[in-house]
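Residues annotated as transmembrane segment in TrEMBL: 60-80, 100-128, 140-167, 218-238, 266-286, 306-333, 345-365.
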Amino acid sequence: MRKKPVWGFSPNWVLARKLKSERNDLLSESDQSVGAERIYDAETGDLANFKARLATITYLLDRYGVLLLVVGMATVSFFLEPEVFLTWRNVSNIFRQISFNAILALGVFLVILTAGIDLSVGSILALAMMTAAVLARDGYPWPLIILAPIITGGLVGAVNGLGLTWLRLPHPFIMTLGTLNIARGLTNLISGGVPISGLPEPVRWLGAGNLRLANLDFPVSFAVVLICYILVSLFLTYTRTGRHIYAIGGNPQAARVSGINVDRTLVFVYTVCGMFAGLSGLLLAGRTNSGFPNAGVGQELDAISAVIIGGASFFGGRGTVLGVFAGALVIGLMRNILNLRNVPVFWQQVLIGVVIIVVVALDVLRRRGSSTLR
């Protein structure tokens, strides 16, 4: 029995229209899918190109950014003071001025590589400086006067490392903030709160003497800086402990799992940092021929600034010795040109603070960019 038409249409015609409509819907969805794939492919290609460009820029900034900053600072300095800046007298003065901060920054760099921080280096510098002055006043031989500040700095650094690892403090900031005040208090105790002058000739030669090279006077203190930087660079590159320092900064938990003695390495790093602070205090005592209790106030900030400007990361595991040297040189060039232009010290601090904020912000953006590239 044939079915009657529905609303004037035969059942077969209605079924055919329904099948045709479904077929058109399927074709439409297929076309949309193909179009979406094409759009996705185009967007993926653009995204890949963007990631490649971002990776290239990040690599170039990481590798050459601080060197470009040094060249830029030197160029600006030359154009502002062309008659003074490139004279050997001014250049050697820059080398001598950056020596103390460069050595201090080298120790802080090792700590920051482990994702740590040491706020006590300025006070350790003052304590070491005053130790040398007190020993000289009491008539001790000059070899002891040279060794004592370095040993003193190493002892305070070891206290930082042992306190951090034994007490399991959440961050080195706490421990080093405490030793900052302890070292400053000890400096005032042994000096009576007054400067002490009169260092032996060998100490003065280290801090203020010159080496005659190619008819030019080359600061002895800067030669000490170069020796220290070369030794630390070789140490980080070719020794197991040097590689462990980078590994701890990259991922301390993974370092522990891989068998690295993290606690022992941290104690070593903070001890060496203290020794470099002691050496910096010795050189400063030699240059000024005295020890004074307020030496090194705020110096830890300049040291940290040099490390961060030099490309090291506050998050640890990244940075180079050459970068730290360039960072110390940038700060030295900034201070030199600002002094030549008679800019007050307070404005110098403001400018350096702005540079630090910009560099740290760039480091954070770099890390975000790296995570995006993955």
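Placed from the backbone N, Cα and C atoms, the Cβ positions cover glycine too.
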Short question: most Cβ pairs under 8 Å with the transmembrane segment (140-167), which of 100-128, 218-238, 266-286, 306-333?
266-286
Beyond the flanks of the transmembrane segment (266-286) by at least 6 residues, Cβ under 8 Å
99-101, 103-104, 106-108, 110-111, 113-114, 116, 118, 120-122, 124-129, 131-133, 146, 149-158, 160-162, 164-165, 172, 199, 203-208, 221, 224, 228, 241, 245, 248, 295-296
